[in-house]
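Encoded as structure tokens, the structure appears first; notes follow it.
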């Protein structure tokens with residue numbers, strides 16, 4: 001009852017207008033150049049333009065080894081839909097294996113096949129570009145202290161559609177899974193029961209309930225608390241605020257029932273996306289969410305400010321689904337310091353800003369009441 005009372009009162013929480021510390025956001029520290037090295041193969045050359053060593057976290061960047069959204073692909077001015085995964089990573093106790101170290105003026109190359117995460121079977125002329133933010137740590141450290149924004153060159157490619165169609169998609173959807181997914185959508189079933197055991201089903205249902213309450217309360221806070229909205233989304237523009245409120249309300253609706261909604265939810269992995277440190281992932285092209293084994297190691301609802309838990313991970317993943325709110329959110333940055341350092345245009349489209357805002361609003365009230 002105390003938790004319900006805290007969530008119900010959350011929207012009324014008023015904070016003083018104060019300044020908040022930022023992790024530095026450097027727009028000139030990293031250079032990214034794209035070149036074509038095959039029909040659909042792209043090479044990214046990442047250069048440290050600074051005068052000190054950079055330890056760069058690879059999660060959700062151009063260097064990510066998983067089939068994440070590394071580039072934007074356009075044909076005739078329209079973006080080609082992304083068919084890969086949008087994961088939420090466990091950000092505590094990071095180890096050096098997830099970083100790439102670059103000396104000053106040094107470069108590293110990372111190649112990937114864009115046909116594994118985009119349907120390029122139409123062939124023809126495409127324009128490819130990349131933009132994002134790389135969390136950085138100091139040499140010999142894995143503590144994130146800064147973030148480097150990057151904007152690549154525009155790469156123009158002439159792609160053979162037949163060759164592109166022969167490339168296997170990274171996220172495999174078997175006929176059996178397609179049948180399960182279709183039945184789930186026809187019945188408007190959110191949780192695919194066959195993917196759950198008793199414990200994971202209970203945890204997922206509980207997370208959905210908490211996600212709904214957090215999103216509802218955060219929506220109220222967004223409309224009533226200008227200082228906190230400014231803190232997390234870097235603006236108080238009326239249009240931006242309405243977009244955030246609408247998205248939070250949509251997440252609340254999607255989370256509110258395990259038997260009706262626009263997404264399909266799996267308690268366990270079905271496509272091999274649960275790589276190291278992945279808590280959960282979304283396939284935005286299919287409005288599908290998957291929990292990974294380490295998701296269930298998180299607390300259902302944390303009492304720590306800006307810590308990860310099951311509820312905000314579910315909330316985070318729902319913002320990635322276009323059926324919940326369009327355009328769906330991206331993964332521009334992770335963690336409080338990095339997210340509040342994003343420019344407003346990216347902050348309102350970044351999934352973790354929503355999860356952190358919901359958590360931060362709940363934690364602020366929780367510490368006052370308890």
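Cβ coordinates are placed from backbone N, Cα and C, and glycine is handled just like the others.
According to Swiss-Prot:
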- 317: active site (ACT_SITE)
- 316, 320, 331: Zn(2+) binding site (BINDING)
- 196-267: disulfide bond (DISULFID)
- 274-292: disulfide bond (DISULFID)
- 1-19: signal peptide (SIGNAL)
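Locations of recorded Swiss-Prot features on the structure.
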residue : record              : contacts (Cβ under 8 Å, 6+ apart)
196     : disulfide bond      : 204, 267, 268
274     : disulfide bond      : 281, 290, 292, 293
316     : Zn(2+) binding site : 88, 280, 351, 352, 354, 355
317     : active site         : 86, 88, 280, 281, 282, 289, 351
320     : Zn(2+) binding site : 86, 282, 284, 328, 329, 351
331     : Zn(2+) binding site : 60, 68, 69, 86, 87, 350, 351, 352
Local backbone state of residue 196 (disulfide bond), from DSSP in three classes: coil
Local backbone state of residue 316 (Zn(2+) binding site), from DSSP in three classes: helix
Residue 267 (disulfide bond) CB neighbourhood, other CB atoms within 10 A: 23
Neighbouring C-beta atoms (10 Å sphere around the C-beta of residue 292 (disulfide bond)): 23
Where residue 292 (disulfide bond) sits in the secondary structure, as DSSP reduces it to three classes: coil
Listed in sequence order, residues not in 316, 320, 331 with Cβ within 8 Å of the centre of the Zn(2+) site Cβ atoms: 86, 87, 88, 282, 317, 319, 329, 330, 351, 352
